[in-house]
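Written out below as structure tokens is the structure these notes cover.
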Amino acid sequence: MSSWEFSWTDVCPSGLRPWVKDYNDLAPCFQEICLQLPILVLFAVFSSYYYGSHFRLVFRSGTQRKAIRVRVATSIGLGLIPVMKIFYILRTHGKIYPIDVLLSCVQFVAWSVHVGFLVSSLKRGSLSQRGPLGIIVLWTSLLALASIWVHTNIHSEYWVWYVADLVVFGCYGVTLIAPGNAHYIRVQRTVDEERQALLTHTYTRFFEDIDESVLGPIQDDANFFSRLLFYWVKPLISKGVAGKLRKSDDLFDLPECLNMNRVVEKLQKQLTASASLFKALHKSFGWEFYLIGLLRLLADLSGFAGPILLGGLLRSENFPNVTEPATDPNCDFCQATDFRPYYYALGLLAATLISCFAGVHFNWKMTLVSTKMRMSLVTAIYRKSLSAKGLQSARPEILNLMSTDTDRIVNSCVSFHSFWSIPFQLFTTLYLLYTQLGLAFLAGVIFAIVLIPINRQIALKIGQLSQGLMTAKDGRIAITSETIAGAKHIKTNAWEDVFLNKIERIRAEEVGFLSRRKYLDALCVYFWATTPVLMCLLTFGTSVLLGSTLTAATTYTSVALLNMLIGPLNAFPWVLNGLAEAWV
């Protein structure tokens, strides 16, 4: 009894090999099975989804309608060209593999679904005639794959069909250039329908036209994927493209988490129970603030995965995996295919995506917490100023508390997380450098340790100058307010020069503090610019002097790790400066 054995060469001549070394190009079967088919399926799914989600009536200009009609014609052509190519090959008695038939059928179905989406876009959908961003990204991917496919098959017998397909793709892309104009159509009831509703015995609501200018608190109703990708912001972007963002009412309503009364009362309750502002902020926003640090930790860990996976990728290329001989000599896929480089490449992609999402959402969550703290602090200061005695004399200090001091406290939130994240990044990166270069990494460590007390002294001096700057600013605002309030008496007694000299003297003192602080900032910039270069020079120089051999994997991994030191080393003095200013 004979047993049937599956062979990829029966489906596609080159199997699943990703790369053809003889031609230095991607294998045709790999392009068809692993690249073109998945993207075509996604293209059909997205087109079908957006076709079903078109419910808003849109009036488009002539330019938009013509562009969509041309796009419909090109989509029909892109669906028919693969089918016509199959019939042509059959007519000329050429060899056809199953993957060619499958790919042609999928192309025909995908572009047919897309034609339906485009036809519905003539009267419904978004204001932009280009369509949703997801479909544009998938179409761009298909265009890139079509270009690669032409490059791969330019010397084949049927190259004319592939070039024609690419030309039609170009015609489709031209229609995406002209934006045109469009506006939503409001559905209105006739007078007879409204009169009939008024004369009925039962209660009937009046018809309310949809106000397109009101976006509402859309963030509260967004699902998980919309929050993850910030897709809920799309209505605001579409409104901006239409030129309808003219006032603050055109923006989103504040989400429930930024409810003014709830946020303010939370801090006010803690201030009543505790005299310390730090403890009140900790009890009001502590858990939310600290949990956001998990996103920062996830971003840091995924960032460390990049150099490690890069080193593994280079080592797998230098030391390929030796596999057993294939049992089937016709199976190209089974002979000596090592998938480790692709696993490392996918790991790099996943680590980059995780780091990107974690970093973006960390910044977004920190913005929300900072906004809550700002709202609460400004309201608390305003309430305290209304009940405090001597309000007239303390007005400049109150203005500084509500503006500058509040900004420094709020900005210190990010500095707090950076205060633990940056040392964690530094020590982890240096340890990974030790695993790559051995004791040679100590040269960079010693140089970094020498810079720590220097940066600390600079940060302390900046804090002292900031305190002096704030004191001088308070004095200048006080004397300026006093001068404006008593301008009539000053003019009557001819005291202009006295008050003017006093204001200029205090202003000169303020500018002196500011200039010295800026010189220290320039010194920080000098250290930030030279530190990574000197660390790289000392580390690699010491490694060579110790007799170590710098391989490609070690060199590129170490360079990636040294580049990771640039950000933390640049930001750490600013973090210390921000914390010092907030404490002042």
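Note that the numbers count up from 1, one per residue, in the order the chain is shown.
Glycine is no exception: its Cβ is also placed from the backbone N, Cα and C atoms.
Positions annotated as domain 'ABC transmembrane type-1' by TrEMBL: 291-581. Marked as transmembrane segment by TrEMBL: 30-51, 72-90, 96-119, 131-152, 158-179, 342-364, 433-454, 523-547, 553-576.
In this chain, the transmembrane segment (131-152) lies out of contact with the transmembrane segment (72-90); the count of Cβ pairs under 8 Å, excluding pairs fewer than 6 apart in sequence, is fewer than 3.
Of the ranges 96-119, 433-454, 523-547, the one with the most Cβ pairs under 8 Å to the transmembrane segment (30-51) is 96-119. If you look at the transmembrane segment (433-454), the same-chain residues 6 or more away from its ends with a CB under 8 A from one of its CBs are 311, 426, 527, 531, 534-536, 538-543, 546, 548, 554, 557-558, 561-562, 565, 569. Note on the transmembrane segment (96-119): residues 10-13, 29, 32-33, 36-37, 40-41, 43-44, 47-48, 50-51, 54, 68, 71-72, 75-76, 78-80, 82-83, 85-86, 89-90, 131, 135 of its chain, located 6 or more positions outside it, place their CB under 8 angstroms from a CB of the stretch. For the transmembrane segment (158-179), same-chain residues at least 6 beyond its ends with a Cβ under 8 Å from one of its own Cβ atoms are 63-64, 67-68, 70-71, 74-75, 77-78, 81-82, 84-85, 88-89, 94, 128-130, 136, 139, 142-143, 146-147, 149-150, 241.
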